[in-house]
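Q: The structure's right below; bear with me while I get my questions together.
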Amino acid sequence: MFSKSDFRGIINSMGLVFGDIGTSPIYTLTVIFLLTRPTEVHVIGVLSLIIWTLITLVTVEYAWLAMSLGKKGEGGTIVLKELLVPLIKSGRNAAFITLLAYIGVSFLVGDGVITPAISILSAVEGLRIIPDFQDIGQGAIMFIAGIIAVALFSVQSKGTEEITWVFGPVMVLWFASLAFSGIASIFYTPGVLRAINPYYAISFLLHNGFTGFFVLSEVILCATGGEALYADMGHLGREPILKAWRLVFSALVLNYLGQGAFIIRNPESKNILFEMINQQAEVIYIPFLILSITATIIASQAMISGMFSIVYQGITTRIIPMLKIDYTSGKLRSQIYIGAVNWLLLISVLFMIFEFRDSHRLAAAYGLAVTGTMSITGLMMTLIFYLKGRMFRSFVSLFVTVIDVVFLLSNTYKIPHGGYWSIVIAAIAFSLIIIYTSGQKKLYELMNPMKIGDFLEKYKQVYASENKISGTALFFARDINYVPRYISNVMFENNIIYEDNIFISIIKCESPFGVKSSFAKDLAKGLRVFEINVGYMEVIDVVQILKDKGIQEKTIFYGIEDILTSNLIWKVFSVIKKLSPSFVQFYKLPSDKLHGVLTRFEM
């Protein structure tokens, strides 16, 4: 049985991991039966498709396969790339995998914009079941959804640490409500239990041709958020998430079966979940509606936190430009707030709400990015298992990837119906990553750093002959074997040399977590190297690390790149660099000690 710590982990997982997939029953079946008639045969077939989609794409792909692949317990698209690239000998193939990972991250961004919009909008539409609100206009529904979204995004800067403890119990209550309402409905139409047999899923696809194929594009809505199992593994641990998934899976299946039973009895139903609850117990409908809106807010909060985490991961692995980051918790450094991401997300979510107007139309745009992410995850897992010689898992992963691709192809029909928006958003994110990484590579080539041997030879001469400034000066250098041009400009052209000069090198490790710092070696008299080895998911306080090691700097020098170019792509890169906070702003180094050194580059 479960221990006390197990229960705590399970409840936390329900609140932080399963919000998205847990709120899918609000709209999934309602949207599906806009595409196909709700006959008993169709209902059983669709239910079977949903159950086996949850089994293959969430349980097998993420809970079993993906969660067996981690780095120090951490999961996600970037982790898969970090695992796969070292296994590949060809540089060209490694570059292709890196490109795939960039596309995967971009799809997650595209998905992240639609999730809060469809979740909140579909829950608010439940107001129409209340007699006094039956005639409420869609404009009012959108306005209420917009107000909820604005309120949610507005509190992010204050941090959510104080209220996250509520998320788990609320979602436990939500899943319990889904399970019990499902059981109550199944009791009157037990024939829906046949849907557990995959025969009915296959039969539905075989007998409905293109309609059946297109229905798959809406069936995938039941699995949106499944990728959170793997992405959040590092925060909550593998075991609590897997144990929570058993309970969540059971609640979801029971509720979908219950909704199926309800629509067999009430084929004219337009908002299946809410009408089912209202018919079962009208007196608890309003509390259930409030609970559903709260659950969608929690799901949206998990998505926002996930986006902050993805962007931070991208910044530390140098695929996304630096952005201003605030720490919203005095206890947990992982509790972060990225203002630029927060407000761009809010604008995008509001655009989705007011562009698509209702959840049915929004569902027509939802799924493309999700299936794209799943397909990339499946392909990368297949290659990892194959290259590690784990053939059975490689075969299963390949089978799941084929299913992912089938779902992806079925979603292509959504492109002219609004699906292009997720592609546009993903394309913007992908273009930003490509321009930034290519620009950084080109800029580094132009920097023409001095080899450490040449630098030391000149340094020793200058240090011995020039008057030295008392105190300690810090210089930041990514690789001490190649000294950045700004350092040689300060020391050799401007003749600014301190008694104690320290090169600070922040080295990103292959592991996601861990921080180690130490003085590496003395390069010469008055010249030392201090290394900070940090995991690519770790949030660090550089100022505190320096203080703990007894470093009392008088001045901090850093490089500023001024880019001159007539090339359009590099002009975009130049604008990105100018709009991005500098290295020292990102790490919040004390402004009264900073001295930026400008170097001009022609690209």
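Don't overthink the numbers, they just go from 1 along the chain as shown.
Using N, Cα and C of the backbone, Cβ positions are placed for all residues, glycine too.
Because the structure is a prediction, the values reported are computed rather than measured.
Among the features that Swiss-Prot reports, transmembrane segment is placed at 15-35, 43-63, 94-114, 136-156, 163-183, 201-221, 244-264, 284-304, 336-356, 367-387, 391-411, 415-435.
Thinking about packing and proximity, how do these listed features fit into the structure?
A: Here the transmembrane segment (136-156) has Cβ contacts under 8 Å with residues 116-117, 120-121, 124-125, 127-128, 293, 297, 300-301, 304, 328, 337, 342-343, 345-346, 349-350, 353-354, 357-358 of the same chain, all six or more residues outside its ends.
Residues of the same chain lying 6 or more positions beyond the ends of the transmembrane segment (284-304) and with a Cβ under 8 Å from any Cβ of it are 15-17, 19-20, 22-23, 26, 112, 115-116, 119-120, 122-124, 126-127, 129-130, 148-149, 152-153, 156, 160, 167, 170-171, 173-174, 177, 225, 228, 274, 277-278, 342, 345.
For the transmembrane segment (336-356), the residues of the chain that approach it from at least six positions outside its boundaries are 112-114, 116-118, 120-121, 142, 145-146, 149-150, 153, 156-157, 159, 304, 307-309, 311-312, 323-328, 362, 364-365, 418, 421, 425, 539, judged by C-beta separation under 8 angstroms.
Remote same-chain residues near the transmembrane segment (391-411) are listed as 56-57, 60-61, 65, 68, 213-214, 216-217, 219-220, 367-368, 371-372, 374-375, 377-379, 381-382, 385, 419 (criterion: CB distance under 8 Å, separation of at least six residues from the stretch ends).
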Q: Apart from its near flanks, which chain residues at least 6 from the ends of the transmembrane segment (163-183) lie with a Cβ under 8 angstroms of it?
A: 11-16, 18-19, 22, 25, 247-248, 250-259, 276-277, 280, 288, 291-292, 294-295, 298, 301-302
Q: Would you mind listing the long-range same-chain contacts of the transmembrane segment (244-264), meaning Cβ under 8 Å and 6+ residues beyond its ends?
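A: Residues packing against the transmembrane segment (244-264) from afar: 9-11, 13-14, 17-18, 21-22, 24-25, 28-29, 33, 38, 40, 43-44, 46-47, 50-51, 54, 58-59, 63, 175-176, 178-179, 181-186, 188-193, 195, 222, 229, 272-273, 275-276, 279.
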Q: What stretch, picked from 43-63, 94-114, 201-221, 367-387, 415-435, has the most CB pairs under 8 A with the transmembrane segment (15-35)?
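A: Ranked by Cβ pairs under 8 Å, first place goes to 201-221.
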Q: Sequence-remote contacts (6 or more beyond its ends) of the transmembrane segment (415-435), Cβ cut-off under 8 Å?
A: 102-103, 105-107, 109-111, 113-114, 314, 319-321, 348, 352, 355-356, 361-362, 364-369, 372, 569, 572-573, 576
Q: Can you tell me which of 43-63, 201-221, 367-387 gets the most C-beta pairs within less than 8 Å of the transmembrane segment (94-114)?
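A: Selected stretch: 367-387, with the most Cβ pairs under 8 Å.
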